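Here is what Swiss-Prot records for this protein:
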{"type": "BINDING", "residues": "R42", "note": "L-glutamate binding site"}
{"type": "BINDING", "residues": "A76, R77, W102, T153, D173, Q196, N238, T239", "note": "pyridoxal 5'-phosphate binding site"}
{"type": "MOD_RES", "residues": "K197", "note": "N6-(pyridoxal phosphate)lysine"}
Amino acid sequence: MTQIFNFSAGPAMLPVEVLRRAEQELCNWNGLGTSVMEISHRSKEFMQVAAESEQDLRDLLKIPSNYKVLFCHGGARAQFAAVPLNLLGERSTADYIDGGYWAHSAINEAEKYCTPNVIDVKTRIDDLRGIKPMREWKLSDDAAFVHYCPNETIDGIAIEEEPDFGDKIVVADYSSSILSRRIDVSRYGVIYAGAQKNIGPAGLTLVIVREDLLGKARRELPSILDYQVLADNDSMFNTPPTFAWYLSGMVFKWLKEHGGLAEMEKRNQEKADLLYSAIDGNDFYRNDVALANRSRMNVPFLLADSALDKVFLEESVAAGLHALKGHRVVGGMRASIYNAMPLEGVKALTEFMADFARRHG
């Protein structure tokens with residue numbers, strides 16, 4: 001059987017070692033004779049899973065002790081509402097950086113709760129799509145916080161620069177790039193991320209929030225989205241997505257066993273360099289993102305003749321390269337190469353691309 005490499009943007013590929021262990025433990029976890037999906041979230045066995053998961057995540061990201069780690073429901077879209085309702089307080093505005101599709105989605109949700117100051121940072125660099133450097137972001141004085149998305153999965157645009165905005169509260173949607181590289185958590189007030197790209201299966205959402213920002217929620221905020229309530233209840237205010245939590249915990253251990261975030265950053269750069277080189281080195285393919293803002297996680301590309309898109313997708317699936325269809329908003333192709341994607345998968349893709357170009361160019 002041809003080895004399958006899954007380039008889906010999310011739910012995305014999980015480490016093979018994690019899946020195999022989950023398969024082995026599925027019906028008899030920890031010698032209990034039952035699945036981890038079937039035990040109480042308040043049992044001592046699952047509480048150990050929860051505690052180890054949090055500690056491993058803290059170790060990986062070097063999360064300071066004055067930050068709470070929350071394991072939540074709802075995905076990033078729930079956080080689009082939770083962030084303003086938890087952080088606005090008595091203020092009526094917040095700075096929202098518009099750098100792409102998902103940043104704009106957060107803005108649309110925020111408009112229900114405040115008057116966002118929208119700062120469009122998209123620009124053209126050598127006729128390619130790019131992002132203005134942070135020093136050019138025109139932040140307002142009265143904003144409750146600054147919100148941005150460091151990696152746009154659809155646009156294939158990344159903001160690698162870390163924020164340095166003095167005492168402003170910075171909120172970042174790290175859904176598609178968390179754990180892919182080292183970051184300084186202390187520069188942020190809130191970091192949130194849906195799990196289904198670089199953490200684990202869909203259904204779990206991580207929130208990392210500085211403790212001094214707790215307890216400021218608006219009265220109308222549903223309790224299940226209140227960071228203070230979730231922190232006070234150790235993310236167990238209601239039954240959490242236990243299986244997704246368990247699998248994510250195994251991914252954290254896998255990351256630590258494979259060298260942590262420094263090693264992931266190195267591997268991800270190597271994979272991205274290989275794929276972008278294959279695109280740039282062949283006139284048959286094109287990526288229109290400026291070099292400084294190219295995503296290491298999500299690589300969109302266009303074929304010279306869009307009439308060949310369907311053939312490319314059919315032949316790629318036959319070659320064991322799945323989920324390469326670009327998002328409906330931009331079309332073309334997209335290869336998502338998160339932590340779990342091995343270098344061998346990217347090599348297989350680039351070899352297929354070269355062969356396809358030879359046959360159809």
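Cβ from N, Cα, C; glycine included.
Taking the features listed in Swiss-Prot, we show where each one sits on the structure.
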residue: R42; record: L-glutamate binding site; Cβ within 10 Å: 11
residue: A76; record: pyridoxal 5'-phosphate binding site; Cβ within 10 Å: 23
residue: R77; record: pyridoxal 5'-phosphate binding site; Cβ within 10 Å: 15
residue: W102; record: pyridoxal 5'-phosphate binding site; Cβ within 10 Å: 20
residue: T153; record: pyridoxal 5'-phosphate binding site; Cβ within 10 Å: 24
residue: D173; record: pyridoxal 5'-phosphate binding site; Cβ within 10 Å: 26
residue: Q196; record: pyridoxal 5'-phosphate binding site; Cβ within 10 Å: 23
residue: K197; record: N6-(pyridoxal phosphate)lysine; Cβ within 10 Å: 30
residue: N238; record: pyridoxal 5'-phosphate binding site; Cβ within 10 Å: 11
residue: T239; record: pyridoxal 5'-phosphate binding site; Cβ within 10 Å: 10
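Of the recorded residues, K197 (N6-(pyridoxal phosphate)lysine) and D173 (pyridoxal 5'-phosphate binding site) place their C-alpha atoms 13 Å from one another. Under the three-state DSSP scheme, D173 (pyridoxal 5'-phosphate binding site) falls in the strand class.
Rounded to a whole value, the Cα-Cα separation of R77 (pyridoxal 5'-phosphate binding site) and R42 (L-glutamate binding site) is 27 Å. Rounded to a whole number, the distance between the Cα atoms of the residue listed as 'L-glutamate binding site' and D173 (pyridoxal 5'-phosphate binding site) is 29 Å. Straight-line distance linking the Cα atoms of T239 (pyridoxal 5'-phosphate binding site) and the residue listed as 'L-glutamate binding site', rounded to a whole number, equals 9 Å. Comparing C-alpha positions, the residue listed as 'L-glutamate binding site' sits nearest to N238 among the binding-site residues A76, T153, Q196, N238. Reduced to three states, the DSSP call for W102 (pyridoxal 5'-phosphate binding site) is helix.
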